[in-house]
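A.B. asks: Here's a structure for you.
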Amino acid sequence: MEELIEKAYILIEALPYFKDYYGKTFVIKYGGSIMADEKLKKNLIEDITLLKYVGINPVVVHGGGPAINKTLDRLNIKANFVDGLRVTDKETMEIVEMVLSAQINKEIVSLINQMQASAVGISGKDGNLIKAVKKTFEAPEKDLGFVGEVDKINPKIVEQLIEDGYIPVIAPIGVSEKGETLNINADSVAGELAVALKAEKLIYLTDVDGIRYDPEDEDSRVSKLTFAEIDEWIAKKKIKGGMVPKVKGCKHAVDSGVLRTHILNGLVPHPLLLEIFTDQGVGTMIIKE
Ligand SMILES: Nc1ncnc2c1ncn2[C@@H]1O[C@H](COP(=O)(O)OP(=O)(O)O)[C@@H](O)[C@H]1O
Ligand SMILES: CC(=O)N[C@@H](CCC(=O)OP(=O)(O)O)C(=O)O
């Protein structure tokens, strides 16, 4: 009996959060680095479905860098990166789009649908969701090809899906003015989308427990980080690689009215529930000051 009552207390602890977040939009970036483990994937899909059933509107933006690398490798095409962004020639772009839009996106959609929620998978091409511009570089050797950055988000399609009760699942692909398909870093898309949707929260799920003072030291996670600290840590290379677009996405979102932004470990079970519905919170929260 005691154990049962304990369960009731756990639910009651979550009550203020259920109330505060009812009807609010949360943008969740699902990183490619945490997609390998099937059990964790299932846990995460359960979390997202639970959010929907308690009245929150989750919007999923997914990555898939490792899966793209795997397919390129199978085709004997070398993956190249400059400053963490994939050099994307025409052939690579076709593979990126295939893996992100056809493979990963639809897998997430079908897992959510198996949980008796309804997900719809789209890319930035659908409903003109992501207008992008080709990234330009000062030096020709840094030309990344079909890599884009978000120029404008037209969130109508996503808002409509939310209104109709669906969980939107978004692949980070945009279209240029000229109609070119562009490969965009998924972290940047998540940040821009959170702003455009006026989301309550932006959450990055990745393969570390949050931001660390020393990326190699597991015990150096900080629970909060300010804008000034972010700038300093990037300059000193304490924040580097794939973490840079995440903290930049958080900064941009907070600056534009998103109330809370978090970086969480997607390699532990149920990180979303722990962060959203418990008093302790996990990971790192980005705050202005
Ligand atoms: N200060 C830092 N704290 C934690 N991780 C960091 C830091 N700086 C860089 N990183 C790196 O960022 C990685 C997460 O980014 P990334 O590999 O792009 O993952 P994802 O596929 O989830 O977007 C971590 O595995 C870690 O190696
Ligand atoms: C331009 C660029 O680098 N795009 C990324 C898009 C996928 C992504 O961002 O995936 P993760 O979140 O798993 O890293 C790529 O091609 O890998």
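Along the chain as shown, the residues are counted starting at 1.
Yeah, the Cβs are placed from backbone N, Cα and C, and that goes for glycine too.
Per TrEMBL, the features are:
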BINDING   Gly64, Gly65, Arg86, Asn183  substrate binding site
DOMAIN    24-265  domain 'Aspartate/glutamate/uridylate kinase'
SITE      Lys29  site 'Transition state stabilizer'
SITE      Lys246  site 'Transition state stabilizer'
A.B. asks: Counting Cβ neighbours within 10 Å across all chains shown, tell me which of the binding-site residues Gly64, Gly65 comes out on top.
C.D. replies: Gly64
A.B. asks: Let me know the DSSP-derived helix, strand or coil state of Lys246 (site 'Transition state stabilizer'), please.
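C.D. replies: For Lys246 (site 'Transition state stabilizer') - judged by DSSP and reduced to three states - the answer is helix.
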A.B. asks: Within the same chain, and leaving aside Gly64, Gly65, Arg86, Asn183, name every residue whose CB is within 8 angstroms of the centroid of the CB atoms belonging to the recorded substrate site, in sequence order.
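C.D. replies: What remains near the Cβ centre is Gly32, Gly63, Ile68, Thr88, Val96, Val99, Leu100, Pro172, Asn185, Ala186.
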A.B. asks: Could you check the recorded sites Lys29, Lys246 and say which one's CB has the fewest neighbouring CB atoms inside 10 Å?
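C.D. replies: Output over recorded sites Lys29, Lys246: least Cβ neighbours within 10 Å is Lys246.
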A.B. asks: Check the domain 'Aspartate/glutamate/uridylate kinase' (24-265) for me and report the mean pLDDT.
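C.D. replies: Taking every residue in the domain 'Aspartate/glutamate/uridylate kinase' (24-265) and averaging pLDDT yields 96.
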A.B. asks: Nearest to Lys246 (site 'Transition state stabilizer') by Cα distance: which of the recorded positions Lys29, Gly64, Asn183 is it?
C.D. replies: Lys29
